[in-house]
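Right, one structure below, let's go through it.
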């Protein structure tokens, strides 16, 4: 089914139109008569009451393959992505083996194509083995079939200022960028949660906000000094937002993402000692959540990125300190982004599309994604029901893992359909089992 | 009370009940030829210790045995935990064996709370990471009650490594709940951040903080902390925050010196102070058994039989 007529969808909240898709691209937009299409093997999707968004693009996904296929695979992770309205995901480099060679990034890209649920753009490691010592073969990964543009040691900070400088100078040659996990490692040794009143009481070693802010400040300066692009992963503190705002005002080539959980949850959740709430960077204070939300509306934060981090049960069903950090995100990100942008009644769909699709596609260099429907564009869309709600049931998620912090929560907005090059990966709210029609 | 995880969650009434039952336990057993009560006959208490602590484990074991409970010591060092068994699997094993109460000591904060999700028996926190050590605080309060005639209105200085101390945290919540004034004294590096809301006064000058106290509680400070720049040297620490005879003389005559043990003599407490009649250190150990008897009794019988 790559010929589709989407009837009367509200296009990014700007008004109802019909969208006719042929051979994976938008053929016609406006008022399209069904009669003219029935004979031509076109499936009609009634989108009355639904909002059409450009397919969501995630700058920060852990697909766990190769290496931890018990937690997630490229197939299961991209099915979760499609269910969440995504048409493209950027796969982080911390697999086993690490995506620090052309071979691994090409393998991940190929697995994504074979799965067919979302475009998978591999992110390459900055340093060999994410060890922060020697540069990985960035050029080889850039020139590989995976055409890597974004590099990150995510999970680890590129904390050595010399290595960071060299990486920035290096990626500049092909307009690449470094996505920095901003965490000064000496300030966070043994850290378990946000340092503050709650950690003081719980006796869990604190992760001070300044450990993030110090690296962001340094890397803003390095970005300006080298003229290269830096992207800040999972920005979590109010002061980080200030630094990024000032940097952008000066013209530094910096961009930033925020995770859904940092837009909704706070360190109070740690009181349960349930490691489903353990994540890195950690959940912060209510005041940080408010500033991050405002920064997302304003655009100081460019994008919502999930940091989707599936973990096997044994890595979460344990004491807090022994648990691995990270939480699922792909299937809940849209709903939480809507909440953070004012709720389903108040949300500006154009801003939502900007932060969850267009801007992340632009940052990642994914030309075919993040585009509103125009004749000739690839048909990468999602159709969402703004008036529906759903309850998060971990067992009902498409991910192989269950570590969602939103279990039992009722969230606004459901994904009714997702189209990747005109082919439905999700239809009527259900994942299509056959993606290669 | 199903479990005892922290003193923060105790109501004042519950805390006072525990202290009253502690008194009864002490009276019931002291002077007896066979210092044993039948209250927990047929009940199984498991001591699940993931950290070496002969003192605390022995105290719990003695308490349970004096109540005629069957005691199983599950020392994680010599168990399958070293082979990588998870806390959850250990809990399920104990559950399958039918433990009525599990006394847990664990290096990870929150481990006892996790345990309550996996077993049906009562969970008694015997110290979790830097989070809580409720029976220590209860025995400290009981010691103050005996030596000072009460806790309400008394001023207690807790001195030293507050940041890494579960004893300090448990005492802060319990003592303030019982109406004491709590002062925290230590170098800023060893005080947690953002504790403005705690019911305490904070001071950095030990001499000044000793004025008018009824009790001073010296915390154990690990020498190794100097390697992480919490203080320059053990000597400097002792000079600034150690309790020596000169400082003892700054305290009112009736004021007592407490220490949860084990002590670093010459570091946080001078030998002469530790051995002075004003030090309650061995009394604290004795009182620890009564308190643990009271808590085990209340958790396992809901106070129904005696």
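Using N, Cα and C of the backbone, Cβ positions are placed for all residues, glycine too.
Unlike curated entries, TrEMBL annotations are predicted automatically.
Here TrEMBL flags B:2-145 as domain 'Aspartate/ornithine carbamoyltransferase carbamoyl-P binding'. For B:55, B:56, B:105, B:133, B:136, B:261, B:262, the entry in TrEMBL reads carbamoyl phosphate binding site. Per TrEMBL, the feature L-aspartate binding site maps to B:83, B:166, B:220. According to TrEMBL, the domain 'Aspartate/ornithine carbamoyltransferase Asp/Orn-binding' annotation covers B:152-299.
Those binding-site residues from the list B:55, B:166, B:262 that have a Cβ under 8 Å from chain A Cβ atoms: B:166. Here the binding residues for carbamoyl phosphate are B:55, B:56, B:105, B:133, B:136, B:261, B:262. Their largest Cα to Cα distance works out to 16 Å. Cα separation, residue B:220 (L-aspartate binding site) to residue B:136 (carbamoyl phosphate binding site), rounded: 14 Å. Residue counts for the domain 'Aspartate/ornithine carbamoyltransferase carbamoyl-P binding' (B:2-145) under DSSP, split into helix (H, G, I), strand (E, B) and coil, are 67 helix, 27 strand, 50 coil. Here the binding-site residues are B:261, B:262; the one with the fewest Cβ atoms within 10 Å of its Cβ is B:262.
Considering only the binding-site residues B:105, B:133, the Cβ with the fewest other Cβ atoms within 10 Å is that of B:105. In sequence order, B:53, B:59, B:126, B:127, B:167, B:260 are the residues of the same chain, not among B:55, B:56, B:105, B:133, B:136, B:261, B:262, whose CB sits within 8 A of the CB centroid for the carbamoyl phosphate site. Under the three-state DSSP scheme, residue B:220 (L-aspartate binding site) falls in the coil class. Each of the binding-site residues B:55, B:166, B:220 was scored by the number of other CB atoms within 10 Å of its CB, and the largest score is that of B:166. For the binding-site residues B:56, B:136, the largest tally of other C-beta atoms within 10 A is found at B:136. Between the C-alpha atoms of residue B:105 (carbamoyl phosphate binding site) and residue B:166 (L-aspartate binding site), the distance comes to 12 Å.
DSSP labels the residues of the domain 'Aspartate/ornithine carbamoyltransferase Asp/Orn-binding' (B:152-299) in these numbers: 62 helix, 25 strand, 61 coil. Per-residue pLDDT, averaged across the domain 'Aspartate/ornithine carbamoyltransferase carbamoyl-P binding' (B:2-145), gives 92.
Residue B:166 (L-aspartate binding site) and residue B:136 (carbamoyl phosphate binding site) are 9 Å apart (CA-CA, integer value).
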